[in-house]
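Chemist: According to Swiss-Prot, the feature Zn(2+) binding site maps to 23, 26, 33, 35, an assignment based on similarity to another entry. The motif 'DXTW' feature in Swiss-Prot is assigned to 131-134; the stated evidence is similarity to another entry.
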């Protein structure tokens, strides 16, 4: 009996189990590859997108920054990772970008101006985006003095996110891909560019919905409609009441 057990053990393969074949480009399993939805050839733009990515974003299973990188010509979207910028891994390259007068930072501060009002004829521009949750983005900004010197811009008309399989904080929150695509559509004066670059996200969401995922509403929507499953504090409750009152006055 014991000898048979040892024979069974010897017969077990030492090789790791076979995993699903993955696409070389998007690194997704082939059956859920969104590469066919990418623009072919990649979009040629004069602007450049620089993404400062919080390390936690790299762990997310559904990341959209790669969609942007593959949807644009090589070098038109670069990603730097960290919690403070520049850092020892990217100091020289990123510092040159941050020192350029043509570099803009998308950040909703008091000093930010609508991207639509920037003089597009003075371009091309490099647009810096911070990729992370809002608390992560604020922490990156606070710990990166080099970002404080950049001209700051914001998007006015953002609409509702198409990333419907992920819960967004508010109705106006967009994924990294959607944000960059909208900015490029403005900077390049090509409104159709947003839809073209976001197409892989639509493909991803459709596959997930077809295979059991559910469509998500934003936390703001759930809270305003008394559908949020967790208790909220008095401060947030008061803010929501005031927002509702302001909305009623406008209508």
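Glycine residues also receive a Cβ, built from the backbone N, Cα and C atoms like all the rest.
Worth saying up front: this structure is predicted, and the values here are computed from it rather than measured.
Describe the structural surroundings of these features, if you would.
Modeler: Take the CB of residue 33 (Zn(2+) binding site) and look out to 10 A: across all protein chains shown you find 20 other CB atoms. According to DSSP, residue 33 (Zn(2+) binding site) is assigned to coil rather than to any helix or strand.
Across all of the motif 'DXTW' (131-134), the predicted model scores a mean pLDDT of 89.
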Chemist: CB neighbours of residue 26 (Zn(2+) binding site) within 10 A?
Modeler: 19
Chemist: By the DSSP assignment reduced to helix, strand and coil, which category contains residue 23 (Zn(2+) binding site)?
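Modeler: Going by the DSSP assignment, residue 23 (Zn(2+) binding site) belongs to neither helix nor strand, so it counts as coil.
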Chemist: Beyond 23, 26, 33, 35, what residues of that chain have CB atoms within 8 A of the centre of the Zn(2+) site's CB atoms?
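Modeler: Same chain, not in 23, 26, 33, 35, Cβ within 8 Å: 24, 25, 27, 28, 30, 34, 36.
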Chemist: Just to confirm: which same-chain residues, 6+ apart in sequence, have a Cβ under 8 Å from the Cβ of residue 23 (Zn(2+) binding site)?
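Modeler: Residues satisfying the criterion: 29, 30, 33, 35.
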